[in-house]
Amino acid sequence: KPTKREVLALYLYGLCSYFIHTVLIPIVFPLIISQIKSMPPEPAQGWEKSYKGLDCRQKEMQLYEGLTYRSIKVGNMSFSPLEWTSISWVTGIILAAPILAAISIHLDHGQHQLIAGAANAIGALFCLPAGFFKTTPIFPPYIAAIVVANSIGTASHVRHLGLMVRGFIGSTVPKSQFTDRRAVGSRLSLYATAAGCLGSAIISAFTYHMLRHSERFISLWVVSIFSGLIWFVGIVHIFASNRLSANPTSSTSTSIPKSHLISIFNYPHAAGSLAGVFLSSFATMCIFTGGVLYLVGQLCLKPVNLLYIWLTYFIFPLFSLPLIQPLQQLIRADAVKMQLLGFLLSTLTSGVGFYYGDKNWHKHHVLLFAAVQGTATGLLHAFGRVLLLDCSPAGKEGTFSAWFSWVRAIGTCVGFAFASAGTGNISRSFGVAFCSAIVGIVVLIFGNISNFRGAKAAGHVREDSEKGSPVMELK
């Protein structure tokens, strides 16, 4: 049975790593890259007007233009800092694919602690020299290395979550006690996600604080260094415990068939859950990136109000997610139904944003929907991995978690790239995000994806007449 220290270490890693794909890559790195090039040319409407003709401060418009102006020349092509970040992100995902494939077996049957610890240390290390060389070509390898390291760390973290659930409830549970497994997995995942939201709030607030300094490049470099140090602290989780997968005697990769990597497709419910992971990651990042760019470049929101929106988006789930867990138990909702709730909240946010895309949004309305969308993002992330782990057979948690990590990275990157490529057109970003959320709902409902049937196919559920391990209480 996992100890309190192990549970707290799980939450600590969420605190120290969740911000990598929510703040560091999509916010901090584009800002750093934008400070390398010289001042962009003045837009047609001038520095003191937004693209919607609203009054604006010159400093804010220059920051927005620096992010969106195609100042990076590569041959006959030019890219904006946002597009350069997208290219770097894609590079990291491409590199992560063969690496995750190679280590997935070792996560299940090898030196998983060494792999995860090395990946986190390398990723944290690459955050430190981000501003040492003031040149844009150095950022693709920097960001790519961080993406690869974060993908490995996420796979290890999700795998460990699955093993902790099994540690609390046993290898299998009777059909009548499946709700106990659901309760344990949901609580661990929700609290870890809430801790991650707190970490994102801290880094976003620190980014805002450092942007107020006159020397922005150095200030943002400090944010990157601080992020790397926080990420490094997360290594505590990796070495806090050593949980082995089922059949630990099969410790050599040579004794495991190559089909181990693609065995997820032998479990339709697990494979189907990946579609939900991709669509949810795409939709939530598309809404977040498109919304922030619209607020800054079109509505010229005051910087302090943007900070309030970031804090609402990240801090509100810190309270709403733990409160949702008792509600889930009361209505007996499984991971699929909770994901449907997350998708519905995302359709609400994106639908309203699309419908009122040509209006001037009021601050209190934006704060309200930031809280709604922050909760939706947390729900989709938390229950996306719960569903996958319920459908993962013993001994294959690492491989299935590697798939989860990679697919989530793809969805997040594509959502960021799509939203940042359509700056100024909020209806485009929110409209596509709305359609993605609808598709996610359709896939979960009509794709015949079931939490219970997936767990039964994975061997986690037995008939009530069979004997098995007793269920342990999560305290």
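Cβ coordinates come from backbone N, Cα and C, glycine included.
Residues of the same chain lying 6 or more positions beyond the ends of the transmembrane segment (7-33) and with a Cβ under 8 Å from any Cβ of it are 63, 67, 72, 81-82, 84-85, 88-89, 120, 123, 127, 130-131, 136, 139, 143, 146-147, 150, 153-154, 157, 160-161, 164, 188, 191-200, 202-204, 207, 211, 216-217, 220-221, 223-224, 227, 230-234, 236-238, 240-241, 285, 288-289, 292, 314, 408-409, 412, 416, 420. Residues or ranges marked as transmembrane segment by TrEMBL: 7-33 (among others).
Summarising the annotation, TrEMBL assigns transmembrane segment to 87-107 (among others).
Residues annotated as transmembrane segment in TrEMBL: 114-133 (among others).
According to TrEMBL, the transmembrane segment annotation covers 139-158 (among others). Within the same chain, residues 10, 13-14, 17, 20-21, 24-25, 29, 32-33, 84-85, 87-89, 91-93, 95-96, 99-100, 103-104, 107, 112, 115-116, 119-120, 122-124, 126-127, 129-130, 192, 234, 237-238, 385, 388-389, 397-398, 401-402, 404-406, 408-409 sit at least 6 positions outside the transmembrane segment (139-158) and bring their C-beta atoms closer than 8 Å to a C-beta of that stretch.
Annotation comment: TrEMBL describes 188-211 (among others) as transmembrane segment.
The transmembrane segment feature in TrEMBL is assigned to 217-240 (among others).
Taken from TrEMBL, the feature transmembrane segment applies to 274-295 (among others).
Remote same-chain partners of the transmembrane segment (307-324), defined as residues 6 or more beyond its termini with a Cβ less than 8 Å from a stretch Cβ, comprise 22, 190-191, 193-194, 197-198, 200-201, 204-205, 208, 288, 292, 295, 301, 338, 363, 366-367, 370-371, 373-375, 377-379, 382. Positions annotated as transmembrane segment by TrEMBL: 307-324 (among others).
Residues annotated as transmembrane segment in TrEMBL: 336-356 (among others). Sequence-distant contacts of the transmembrane segment (336-356) (same chain, at least 6 residues past either end, Cβ-Cβ under 8 Å): 186, 276, 279-280, 283-284, 287, 291, 324, 328, 369, 372-373, 375-380, 382-384, 387, 426-427, 430-431, 433-434, 437-438, 440-441, 444-445, 449-451.
Long-range neighbours of the transmembrane segment (368-388) within the same chain, counting only residues 6 or more positions beyond its ends whose Cβ lies under 8 Å from a Cβ of the stretch, are 158, 161, 182, 185-186, 189-190, 192-194, 197, 269-270, 273-274, 276-277, 280-281, 284, 287-288, 291, 309, 312-317, 320-321, 324, 335-336, 338-339, 341-343, 345-346, 348-349, 352-353, 400-401, 403-404, 408, 449, 451, 454. Per TrEMBL, transmembrane segment is recorded for 368-388 (among others).
As annotated by TrEMBL, transmembrane segment applies to 400-420 (among others). Outside the transmembrane segment (400-420), and at least 6 residues removed from its termini, the chain residues within Cβ reach (under 8 Å) are 21, 25-26, 30, 80, 82-83, 85-86, 89-90, 92-93, 96-97, 100-101, 103-104, 107, 147, 150-152, 154-159, 162, 264, 270, 274, 277-290, 293, 381, 384-385, 388-389, 391-392, 429, 432-433.
The annotation transmembrane segment is assigned in TrEMBL to 426-446 (among others).
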Contact yes or no, the transmembrane segment (114-133) and the transmembrane segment (426-446), 3+ Cβ pairs under 8 Å, gap 6+: no
Same-chain residues at least 6 beyond the ends of the transmembrane segment (87-107) whose Cβ lies under 8 Å from its Cβ atoms: 25, 29, 79, 115-116, 139-148, 151-152, 155-156, 159, 253, 256, 260-261, 397-399, 401-402, 405-406, 409-410, 413, 416-417
